[in-house]
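Novice: Sharing the feature lines straight out of Swiss-Prot:
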COILED    198-247  coiled coil
COILED    313-372  coiled coil
COILED    450-514  coiled coil
REPEAT    66-90  repeat 'LRR 1'
REPEAT    92-110  repeat 'LRR 2'
REPEAT    111-132  repeat 'LRR 3'
REPEAT    133-155  repeat 'LRR 4'
REPEAT    157-183  repeat 'LRR 5'
REPEAT    250-275  repeat 'LRR 6'
REPEAT    419-442  repeat 'LRR 7'
Amino acid sequence: MPSLERLIAEVEPNVITESLTRECIQIQGGEPDTAANKKRTMPFRDVECLAFSFKNLACVDNLRGLDTLTKLQLDNNQITKIENLAHLTNLTWLDLSFNKITAISGLETLTKLVDLSLFNNQIAKIENLDTLVNLNVLSLGNNQLSQLDNVMYLRQFKQLRLVNLAGNPICKSHDYRSYVLSHIKDLIYLDYRRVNPADVQAAREQHQDEMIELQEREEQQSQEEKLNAERESHEKLMKQANLEGVETLIDDMVKEDLEWPRLSQVPSLLDPWNEIRDKFNTYTDEFKVAILEQHNKKKAEYEEWLGVVRSYLDEKDAEARKLIVEYEKAKKRTARVVVDQPLMAESQIDNLKVKLMALKDQLMAIEMEAVEVLDGLVQEFDRAYSELAEINKGQYNGYFTQVRDLQNSFFNQLTSVAMTVFEKYNQENSDIESLPEEARTLLQDKDSLMNALQASHDAHMGKIDSLEDRLVSNELRSANDLTSSNATWATKRNRDRISEIINYLERNVLELEELAGEEEGGEM
């Protein structure tokens, strides 16, 4: 007969409390007494492993402050939903076996998970695991998985080596094992059994037609992903180099030109645009090369500057540490004198006070020198970087002047062609009626045609001017922001260092007062 305690536990589910959490902390190695004391006192932020097994938990909650947790056991409880785990982003091992979970959810942020057990639950579908790219071990045995093709979902996990699906309805299919082995790559263990390479080959041959089609799709997807990655990388570089919008300028000019669709209805009117486009592409390629070269120079300039700054500060920090170490040694010697030679204690403490004041002066002198040197380095970088920004500004102005000249040339050609076309279709016996309605409207009224051409030209010039203004402003602003942030950093570094020196001084003054008090107490 079940015990009273067990019946009560089944009726009244448990909840996670601080005391329960401490009880469930797992300490690796060490003496039992030491481990027990650590469980009682260690900060939650230092806990790496928790085991809530067999605690009759109905839900997952109250795990805040355990952000460094790497292993969490929640097996053999009454949990129905995976929740409140999103902040445990350092988890590599999670056991939710033997619960009442009906759906996989709430694991999206646990991207470091390597081992996940959902064994013996009520899960009907494999889903919502896409972000767990490091998954190596997955146990979904004894659930309610009934669709064999759902196993295909696991093909995306490149690190998956051990899978357990035993005890699910899908296992009753005569194709179950061959389907899993053919569709999940590089498995080493399936349902507690080591995978035989010969079985994998036989499974792939059995599902050959499907595998060929699948591999073709994956190859196409891989190519698309590669192209997307290259495009994203290129777009990122263009943005970093302040070239965003340059490559698409000519297309954007047309896209935002309300008159362009109407003008394109007039035969041969826009033919000069092809020549303009070719010249634009040539100018743009040359411009991109120049700006990217400047971009690399700016990066190199900043990295070189950072290297000089770090090297100098490391040198000054080493100098300061040496002085502090010497003082700390003197302090230890003085402390021993207070204990061993009370009659000499007072003079030794006075000497130590003198050394402390001298140390303060030395540290302050080092810091003042550092401030002066850093100020010079910041100003030097400001000048060098601003020069590069000004060179870039000239590059932008030169490029957009070329583009404007192209647009003006196109407008002149367009006007000339428009007059020729207008005269052609306004002669007797012209076939103007065969043209689209928009074209007829333009060619029947010279003013309308010229107004449309002018509006188109204005739209193009406006787009050119707008992009130039934006890029030049970005260039100068980013240079100003960087130099300003350097100056802000230098000021904050100085304040922090002065604060460190003062705090160190005050702390040691208190220690000397305590030491003097001990000396007086010893004399009494």
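A Cβ is built for glycine as well, from the same backbone N, Cα and C atoms used for every other residue.
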Novice: Mind tallying the repeat 'LRR 1' (66-90) by DSSP state, helix then strand then coil?
Specialist: 0 helix, 3 strand, 22 coil
Novice: Tally the residues of the repeat 'LRR 5' (157-183) by DSSP class, grouping H, G and I as helix, E and B as strand, and everything else as coil.
Specialist: 12 helix, 3 strand, 12 coil
Novice: Counting only residues 6+ away from its ends, which parts of the chain sit with a Cβ under 8 Å from the repeat 'LRR 3' (111-132)?
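Specialist: Distant Cβ neighbours of the repeat 'LRR 3' (111-132) are 75, 89-105, 138-147, 150-151, 153-154, 156-157, 159, 164, 167.
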